[in-house]
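Report on one structure; see the data block that follows.
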């Protein structure tokens, strides 16, 4: 099939049958050029999806079946595509994690993703590896609902397919929809309307959060990571890599042009908000009129005047009673150490519970029988090969019983970075607790405080719902969910430049017998060791 996104980009109705939406995306290396659609003021080679970067937005309706033929035309480069925000309950082998849910897609081969899109909202399709993500291998995945089912519909008048803000960084520049300062993205609006904008911070090579503002306008936040919140008006929003935001903008200004600003530690990216006011409107340059600021910060911060934290938001969905019961708790301590290597210099090695993650030779979900069990580890089982070694490199898998209430307690003991960012595949979670310490707490200290019920008072009344979380250094956060989606799901470290830097963990939910059967012709991969005597 040819690459087209029109057939399923339609008004969604609650009585309509779901559609099968088949798309072909071709991935290849490109160099920016003056007249190309992917020109973005950068000089480095980019990755184009169907000839553009970012890739075309996929806009469909909830419960549609998405069929995507991914053609890898990058020489000597294997990849996988992750569908951020989608749980893939019926097809966990379509999650897009190399050597966990599938084999990597090799150069000059095609892999077909096929799954039901069940989670509405603003999401992403993206390269699993940051080395490809930062070069432009991502695009918007917009999943709309029928108006009857859209609880936020009363807050906006227009939800345009063109009002998507994709934020990324490349060559020390901040880009909005792949464009820099030479040719900015333009959003056209009419006066006295309420417009829904969809934002995703897709790729970051600096590791810094970004601050989004719209000159002379308030931002009415209505969703984070696809999860609905009761409207909260702010002047700016701080986002980190992988987070998504839906906001409503009321066009109540008389000036025609206003800048959409995205600031990071690298500088500022711009887009233009352009009012349709007729020929008599002055065409002056955009001017910013300062307003008293009120900032939404999606980090685990503490409330103060002029600052709205994640815990201050009022989410529409409430926590089920079943998730408030005693959980299966997994404590995960994030850390790093300097390891001496030859040449009298050290290398920083990251790990979780002193275990540095590495990948198996075959996918855990689809070829578990081909995975060497002596390479798999958890907090109770450390491979013999690690005995006496400064660094233990293994496939870190934590087991959670199916349908258990799971609580992941992340303890950031790593002083080398201001924060770590994690994304949970296959699930959303409730942020039920957070605490900051002056110095990095030990794991035993955290466990003792938790046993004594003095670590923090868990929030079961209105916890934030997310799939991506920021954890400041010297901090602890508790994430809770009902483990009802069997499979091997990655808790992904978003700071890795490649497939991993050692801070990833795989959560095995249920037993292999509980998991969806893999299609009989699904691609396989793994080690090959020939017979002792090959040539006769």
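Every residue, even glycine, has its Cβ placed from backbone N, Cα and C.
Just so you know, TrEMBL annotations are computer predictions that nobody has curated.
For the domain 'Plastocyanin-like' (35-147), DSSP puts the residue distribution at 8 helix, 46 strand, 59 coil. Sequence annotations record features per position, and here TrEMBL assigns domain 'Plastocyanin-like' to 35-147 (among others).
Residues or ranges marked as domain 'Plastocyanin-like' by TrEMBL: 170-263 (among others). For the domain 'Plastocyanin-like' (170-263), residue counts in helix, strand and coil come to 0 helix, 59 strand, 35 coil, using DSSP.
Per-residue pLDDT, averaged across the domain 'Plastocyanin-like' (360-492), gives 95. Look at TrEMBL and you will find 360-492 (among others) tagged as domain 'Plastocyanin-like'.
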